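Participant: Sharing a structure here in structure tokens format.
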Amino acid sequence: MCGIVGYVGEEQATPVLLNALKKLEYRGYDSAGIAVLDSGRLTVRKAKGRLRVLEEKIATEVIRGHIGIGHTRWATHGEPSDVNSHPQTDVSGKIAVVHNGIIENYAKLKAWLESNGVEFRSETDTEVIAHLVNFNYNGDLLAAVIETIKKLEGSYAIGVICGNEPDRIVAARKDSPLVIGKGVHENLLASDVPALLEYTQDVYYLDDREIAVLYADRTEFYDDYGARREKQSVRVEWDISAAEKNGFEHFMRKEIHEQPAALANTLRTRIKTYAAKSINLEEIGFSPDWAKAGRVVITACGTAWHAGVVGKYVFEHFARVPVDVDIASEYRYREPILNPHDIFIIISQSGETADTLAAMRMAKTAGAKILAITNVVGSTLAREADLVMYTRAGPEIAVASTKAFTTQLVCLYLLAFQFGLLRGTISPERLETLIRELESLPDKAREILREESGIQRFAARQFNKDKVFFMGRLFDYAISLESALKLKEISYAHSEAFAAGELKHGPIALVDKGTLVVALCTQSALFDKMESNIKQVKARGASVLVLTYRDEERFNGSADAIFRIPRVPDELTPVLSVIPCQLFAYYCAIQRGHDPDKPRNLAKSVTVE
Ligand code: G6P
């Protein structure tokens, strides 16, 4: 997904822009560019490929100037190429624009501009914005941007500079994130906080339809009619080391290893320890009314949807409330039946996924109550939901989500337990036991991580398999879905998940000697069934890896290898059983020679459809 940066201040802008863009590489991109102003003269440099290519391109020249904008582009309109990269400029060559999002009416605007004599150079929707700003420019860049965004339909986060006004950057957003960093004698602009942390921890989250004007010594905020607004900065608690690799070779492995601390962070303050242990959701504004819901609807995409599948089983089991779990892109386009007593749990690591936000807005318009589970403070989801439960996982940089997922699960457990208590399906005594189990998860996750080398060795033997199937029942089925996704995302091995009971309804037709079957076996009441599924795939030549409890002897001898996890109640295993599978995916990617942090064709944050 595209990344935007901007700088105005005492330093030379070019190195700051390149450095900040590097911190946004995790978002996924296929080209990059910068535009820098020096005494009104605009220099634009762009290159297809990784940032390194752009750096090499400008290595021999000095691009001076204390103000500039930069961009990493993930192609949507027009192929990845130098000319389609951002910044895009207007016909006068004075105005430069970086843009994240999609302008839905760009074809109409382009036709209109062409009928007024404008010649387009790129295939991008963004070039329309540059020409419109020029068309509306009358000596005031802010006024020109305000006029321009009135014409735009779709989503945008933009940064605009103009040679006639070399002291300011004008930025605006709608449905696409933008953060402003408040420095000393400098101010910065970025799509995401990690790009700013080396310079400042004080940020302003720009609201939808809000405009920011950045000068070296201040930032002014306006609504889309041009009226001034006051805005408070927020202190980001992450520091720069949290957004960097800290000695790990890859962000993904670092983030897998951060899970014990992240899980503890999610639980922190949410458990009352005086007298009897109970759950404290006051901080999120949770009131007992929420637990009276007739139905819970969970909506999300990708890994967050898999958390939702676990959530369905958790809520139904502990709180005895009916749950629908929906993929957001499906939900938004069918005709879902909404009831006034439904509550919506919307799960999104980034809080910016386009389909997830659209589903949330549909539910909101229909009058439903929205509870968001997200990792990003100030994200669009967080700002638009009625209640927000932050996962507190810290920045997740690797595209493949790991710690965001397990912390989402912990949030769902806390909520389901509280629902259960309020609905009378969990007694206070049982709640105490369950809370103790939740509190044991960080240590148990740590124990699994200590056995990483066993998983690494197994991956070294199995990484070349043509097909990898993950199968399980109930909670193990949900984690099979997530594990298969993880493996295909970063190793590009063909991997699928299915409910083990479905084996005979299709998947078994594909099982042969070249197949690895990972059988997740933590649902004790269904061990017999799993054993017979394992026999069926072994009989067809598959290699079998079983994942079960450390003290469970049942599967000894029935598999080629066994991963073991510490025992917890069967309903709590997802938080632990996914960890070996994350590591397995990671090591398969390494063995296959792929960079797990930058999987091909994938983006961390999917802010367009
Ligand atoms: C992309 C990411 C996934 C993520 C999904 C949903 O596909 O690569 O890791 O699970 O988007 O993102 P969200 O930010 O809404 O959780």
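Each residue, glycine too, has its Cβ placed from N, Cα and C.
Annotation source TrEMBL lists active site, nucleophile at Cys2. The feature active site, for Fru-6P isomerization activity is assigned by TrEMBL to Lys604. Under the heading domain 'Glutamine amidotransferase type-2', TrEMBL lists 2-217. If you look up TrEMBL, you'll see 286-425, 458-599 marked as domain 'SIS'.
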Participant: Which whole number is the mean pLDDT over the domain 'SIS' (286-425)?
Facilitator: 94
Participant: Given the active-site residues Cys2, Lys604, which one is most crowded in terms of C-beta atoms within 10 angstroms?
Facilitator: Cys2
Participant: Give me the CA-CA distance between Cys2 (active site, nucleophile) and Lys604 (active site, for Fru-6P isomerization activity), in Å, as a whole number.
Facilitator: 10
Participant: Counting each residue once, how many in the domain 'SIS' (458-599) are helix, strand and coil under DSSP?
Facilitator: 69 helix, 30 strand, 43 coil
Participant: Work out, from DSSP, the number of helix, strand and coil residues along the domain 'SIS' (286-425).
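Facilitator: Tallying H, G and I as helix, E and B as strand, the rest coil: 65 helix, 28 strand, 47 coil.
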